[in-house]
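Here is the structure we will look at.
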Amino acid sequence: MKPVPSTNGKVDDKVEHHNLSSSSSSSSSSSSSDTKFNISNRYGNFLQRLEALDIWPESNEQILLEPYTYLTNIPGKEIRSMMIDAFNHWLQVPRPALEIIKKIVGQLHTASLLMDDVEDDSDLRRGVPVTHKIYGIPQTINTANYVYFLAYQELTKLKPCLRSDATTDLWSLVNDELLQLHRGQGMDLYWRDSLTCPTEEEYLQMVNNKTGGLFRIAIKLMIALSPIPETPDYLPLVNLVGIIFQIRDDLLNLSSVYTKNKGFCEDLTEGKFSFPIVHSIRSDSTNHQLMNILRQKPTDIGTKAFAVSYMKDRTKSLEYTRGVLICLEEQAIEEVTRLGGNPALESIFELMHVLPSPPATDQN
């Protein structure tokens, strides 16, 4: 049917509109049918497809763990693994179970490092850029949390290794120590962010919670899996080792030894109250220079070198820290002797006894 011309020679608007509407309606109806067919075809049997969606591809696992493997591929101190082997001189845990414990502690340790670096806004870890500078903060945090749960999965592999008379709840054991670890980390962050200098006693409690936690997880798991029915109380020694390790780490951070791996005096840049810094501030409460330097979180070498010189020469805090380390090391060696001796553990103490080089004051 041809459009009817109007009296002015144009096509009647109503007729044209009717034709367009008919065409549009037909097209819309066809499109709607296609859409319904596609939805029905794709989702009509969705319940049967749900099971396949539960399958987690290995390629996805690799993507999720990439921030974690980035850090694990960079060699660390391995002090915790060495400690586990040393304590096994006494506890005699079968090798397969011991390797699982090492894996669990390694996972928890690396996950905590990922989180620490984010919370401290660090730049370097083991001499390379920290993970979140490569993968971003959201992905790094998610991976760290994921690895915590992977460690709990590994715990289930230890249950068959428990002695028949053992009543230890492995999950509660690990959970209690992770609570302690986060309590310690929480106080460390609070002091830093509120610029509150703790007492030495408060600092030591924080370290015992934070650094000692992973050491205790390892030894408590080993005690639970040891074939020896009655063992001495090794935990005081474990706690002492954790404190020695952290104080030594604090001292090293103010020396040239750490410059390559962590950056020169990184604790000052992060505004942290480490053991030498706590002693220095508490030794001379009338001088606010060091506290003000921490407030600024300096990145320049000159300011940090000045702070180190102040702690070294004015308050003698570096000498004091070395003295505390020597005193604690002697007590640890005495405790090892009391427990029957342990050549592997004594070797670790000798390694840790090597005091850092004199503090670096010129990095030019």
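Backbone N, Cα and C atoms are what each Cβ position is placed from, and that goes for glycine too.
Positions annotated as isopentenyl diphosphate binding site by Swiss-Prot: K77, R80, H109, R126. DSSP assigns H109 (isopentenyl diphosphate binding site) to a helix. The Cβ neighbour count for H109 (isopentenyl diphosphate binding site), using a 10 Å radius over every protein chain in view, is 20.
Every protein chain considered, the tally of other Cβ atoms within 10 Å of the Cβ of D116 (Mg(2+) 2 binding site) stands at 17. Marked as Mg(2+) 2 binding site by Swiss-Prot: D116, D120.
In sequence order, E270, K272 constitute the residues six or more apart from D120 (Mg(2+) 2 binding site) in its chain with CB-CB distances below 8 Å. The Mg(2+) 1 binding site feature in Swiss-Prot is assigned to D116, D120.
As annotated by Swiss-Prot, dimethylallyl diphosphate binding site applies to R125, K210, T211, Q246, N253, K262, K272, with the evidence given as similarity to another entry. Counting only same-chain residues six or more apart in sequence, the Cβ atoms lying under 8 angstroms from the Cβ of K210 (dimethylallyl diphosphate binding site) belong to Q180, L181, R183, G184, Q185, D188, Q246.
Of all Cβ atoms in the shown protein chains, 18 besides its own fall within 10 Å of the Cβ of D249 (Mg(2+) 3 binding site). Per Swiss-Prot, the feature Mg(2+) 3 binding site maps to D249; the stated evidence is similarity to another entry.
Among the features that Swiss-Prot reports, compositional bias 'Low complexity' is placed at 21-33.
Look at Swiss-Prot and you will find 1-34 tagged as region 'Disordered'.
Confidence in the motif 'DDXXD 2' (116-120), given as mean pLDDT, stands at 94. Taken from Swiss-Prot, the feature motif 'DDXXD 2' applies to 116-120, supported by similarity to another entry.
Look at Swiss-Prot and you will find Y148 tagged as site 'Important for determining product chain length'. Under DSSP, Y148 (site 'Important for determining product chain length') is assigned to a helix (H, G or I) in the three-state scheme.
Residues K77, R80, H109, R126 are listed as the isopentenyl diphosphate binders, and the farthest two of them sit 16 Å apart at their Cα atoms.
Of the recorded residues, N253 (dimethylallyl diphosphate binding site) and R80 (isopentenyl diphosphate binding site) place their C-alpha atoms 19 Å from one another. Under a cutoff of 8 A between CB atoms, and with a sequence separation of 6+ in the same chain, the neighbours of T211 (dimethylallyl diphosphate binding site) are G184, G242, I243, F245, Q246.
Sparsest Cβ environment among the binding-site residues Q246, N253 (other Cβ atoms counted within 10 Å): Q246.
For the binding-site residues given as R80, R125, R126, the lowest number of other CB atoms within 10 Å of the residue's CB is seen at R126. Take the mean position of the Cβ atoms of K77, R80, H109, R126, the recorded isopentenyl diphosphate site; other residues of that chain with a Cβ within 8 Å of it are G76, E78, I79, T110, L113.
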